[in-house]
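K.L.:
Next up is a structure, given as structure tokens.
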Amino acid sequence: MSDPAPEVASAVPVASPAKAKKEKKPKTDKPKKAKAPRTHPPVSEMVVNAIKTLKERGGSSLQAIKKFLAAQYKVDVDKLAPFIKKYLRGAVTKGELLQTKGKGASGSFKLPAAAKKEKVAKTPKKAAGEKKPQAAAKPKKALEKKKSIAKKPKAATATKVKKPVAKSTKKPAAVKPAAKKAAPKPKAAPKPKAATKPKKEVKPKKVAAKKPAEKKPEAAKKPAAKKA
């Protein structure tokens, strides 16, 4: 008889305790590196300051801006180059900068009429100061309008008063005949005065005395004819 084959024990991998410990270690246990404080202002501020100080008519190029940043802020321009280009593109699209030459981040850049912005900032103050007198002037105009409105009714009343005056002038013209009718009454009153005047005049009496004197001699002549 053949001997039975020996049983082979199956090898089962068992995790070592050392590996388990490594996996359980939290990552937060590592100390974080403290961020170094910035020794320069933001890229946008530096670029705007560079363009302002350079004051180039045709605009400042990217190379000129980099040179200014390296000299003024002592910054590693090669590391900041992508940030500078990104800001230039965004500023052009937003209208914060004008690109006089080139396309994208290459070319020359200029501020959009900084002097005009200052003037515009000053003019709103003046406008605000001017609006106050205008607001004060509006009530004056309103008062003038009210006065004119008040004057118009006065003129209307004056015209209304004038019309009745014209009518009253016409009425006296119609009353004149009534005055003429009343005139004969005073004429009748002076008649007694005229009667007194003939009493004072002696002339009519003298004429009456002469006529009978002439008749008397005629009567004397007639009896003389009878005697013959």
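Keep in mind that glycine also has a Cβ here, set from the backbone N, Cα and C atoms.
Quick paste of what Swiss-Prot says about this protein:
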{"type": "COMPBIAS", "residues": "1-18", "note": "compositional bias 'Low complexity'"}
{"type": "COMPBIAS", "residues": "115-133", "note": "compositional bias 'Basic and acidic residues'"}
{"type": "COMPBIAS", "residues": "211-221", "note": "compositional bias 'Basic and acidic residues'"}
{"type": "DOMAIN", "residues": "39-113", "note": "domain 'H15'"}
{"type": "REGION", "residues": "1-44", "note": "region 'Disordered'"}
{"type": "REGION", "residues": "98-228", "note": "region 'Disordered'"}
K.L.:
DSSP-wise, what's the residue breakdown of the domain 'H15' (39-113) into helix, strand and coil?
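P.N.:
DSSP classes over the domain 'H15' (39-113) add up to 41 helix, 9 strand, 25 coil.
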K.L.:
What average pLDDT does the predicted model assign to the domain 'H15' (39-113)?
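P.N.:
Its mean pLDDT is 90.
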